[in-house]
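TrEMBL annotations:
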type: TRANSMEM; residues: 20-36; note: transmembrane segment
type: TRANSMEM; residues: 48-71; note: transmembrane segment
type: TRANSMEM; residues: 83-107; note: transmembrane segment
type: TRANSMEM; residues: 119-140; note: transmembrane segment
type: COILED; residues: 151-178; note: coiled coil
type: DOMAIN; residues: 279-364; note: domain 'Histidine kinase/HSP90-like ATPase'
């Protein structure tokens, strides 16, 4: 019994005041009490004026409560405990007693609405209404705390998912880097050794065999010096050596057998930091793949520019069949793009409709934020 009483007692407070929440809560209560006065007014302007009067009357006492809460919360010089908390609420309620007759008079004169306003201090009524106000404040606080707790939980979950997403992206980049190093250091060396061995054999073979060996050597050299080099550049692009636009050109070359690709990059964008350029490169890579698979598009244009403040804009458009925005499926390709946009703190906009192509616009803040 005692524990239940203590629990109920602690439930009463004290609680910090939220002036905005107090204003909205009490304004809604007063407005609901005065609302019947609107229905008594004739339709038209009189009813609109009546509604305005009721809004102002509801805001008046609610504003007093909110202002009192604000000033007490900010300038309180006395200890804050349950006793002083109840006393503060009681004083605030007492200050409203002179206001109630004014509200009743306005309602009577303007809307012909009866409103029972206490004209004398009835102790039992005052205590009952004080308990009601304390209960309302407690309910408001617990509701606010529940909402805030849920928002905090949701924020923690979002932060966890973002960390996991970044981890997956970084793991993918590490795998790409390892694959690129293997191709560059191991496979290219093995191909070179194979070519040298074939050349040593060619001298002692017949003309027909030599012709075959020469063709094989030429193919191995093309694979080593062109195909693997381009693949290495796509897997782990080196923008400092090749430049960003040239790296994108190498990437686009893979798709140019199926569609025309135009690429434009301004000079400022070439000098952005590697982290941002890598994110843009991966977005372009996935967007080109999407245009090929989901289009299919015949023409794709890629433009990337950065203004003097360091704000960048990437736009990728194609002449594919398009679709409504609602029909866009959230698949792996979309997830990859969204992940990179999130990592770079950017925003993504999609403009598409049936038979009118597809345009993806990604905007990033200053590169200083990502360095």
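Placed from the backbone N, Cα and C atoms, the Cβ positions cover glycine too.
Within the chain, the transmembrane segment (20-36) has long-range Cβ neighbours (under 8 A, six or more residues past its boundaries) at 54-55, 57-59, 61-63, 65-66, 69, 107, 113, 115, 136-137, 140, 144.
Within the chain, the transmembrane segment (119-140) has long-range Cβ neighbours (under 8 A, six or more residues past its boundaries) at 11-13, 15, 18, 21-22, 25, 86, 89-90, 93-94, 97, 101. Residues of the same chain lying 6 or more positions beyond the ends of the coiled coil (151-178) and with a Cβ under 8 Å from any Cβ of it are 235-236, 278, 339-340, 342-343. Residue counts for the domain 'Histidine kinase/HSP90-like ATPase' (279-364) under DSSP, split into helix (H, G, I), strand (E, B) and coil, are 31 helix, 28 strand, 27 coil.
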